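These come from Swiss-Prot:
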{"type": "ACT_SITE", "residues": "5", "note": "active site"}
{"type": "ACT_SITE", "residues": "41", "note": "active site, nucleophile"}
{"type": "BINDING", "residues": "25, 27, 85", "note": "Mg(2+) binding site"}
{"type": "DISULFID", "residues": "45-51", "note": "disulfide bond"}
{"type": "DISULFID", "residues": "47-190", "note": "disulfide bond"}
């Protein structure tokens, strides 16, 4: 999976897909009451990027629904995964549950259209910190209460704050989540990051019977040398400002026979058995 990073304006979607991304990440900004308002990262952000691109969240969902719906004029077959980077750290932790309720209503309204949409992308909920886990509880509670619990099959969980992996496991255990879990490891492209935690996540992913990490990705990679390093370690995905660079690295002799781009037929919730 090649995740285009910080794709917050509607016009950026095609740009990142044209560069080779088969997944996109966009930021969800909430008001003080936990209501999802816009797709927006804000300052600071990655080096060399404009931090202020934005769209109204519901309008963004309406557009991305078309892009991921077969036979729609806007359909792009390669886009199979949407990563929602939930900016919960900007609101009170007490509002995390309300935020989860809100997103769990807006997705059925604007993406799945209450069962009337054929939009098919998988969705990854990126939670910044384990202290915001009530968002997940609210999201699942609300889908159930709204009668759309079946959509949980299309939704995965990911904690992005580089926290202790055992602490994350404990929270997932509290929530009763034992599947459909990704684990991110990374830092803004402005800085270098070691591989200790990334290696630990990959080791846990590959441990038989360990159900708290199904996929691992590294972010935000812009240098080809770091992309190569991550691929050698065996990541499932790379988040990048430059998907075209990832494509070029994947075509190199060292990686061409070991990796390929994920398609809709690849289940993002299953561990890869090479």
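In case you wondered, yes, glycine gets a Cβ from its N, Cα and C as well.
Residue 41 (active site, nucleophile) has a Cβ environment of 22 other Cβ atoms inside 10 Å. For residue 41 (active site, nucleophile), none of the recorded positions have C-alpha atoms inside a 10 Å radius of its own C-alpha, out of 25, 47, 190. Sparsest Cβ environment among the disulfide-bonded residues 47, 51 (other Cβ atoms counted within 10 Å): 47. Inclusion criterion for the disulfide-bonded residues 45, 47, 51: a C-alpha placed within 10 angstroms of the C-alpha of residue 5 (active site); this criterion is met by none of them. Looking only at the disulfide-bonded residues 45, 190, the densest Cβ neighbourhood within 10 Å occurs at 45. Here the C-alpha separation of residue 47 (disulfide bond) and residue 25 (Mg(2+) binding site) works out to 17 Å. Take the CB of residue 27 (Mg(2+) binding site) and look out to 10 A: across all protein chains shown you find 24 other CB atoms. The DSSP secondary structure for residue 85 (Mg(2+) binding site) is strand. Rounded to a whole number, the C-alpha distance linking residue 27 (Mg(2+) binding site) with residue 51 (disulfide bond) is 11 angstrom.
Within 10 Å of the C-beta atom of residue 85 (Mg(2+) binding site) sit 25 other C-beta atoms, taking all shown protein chains into account.
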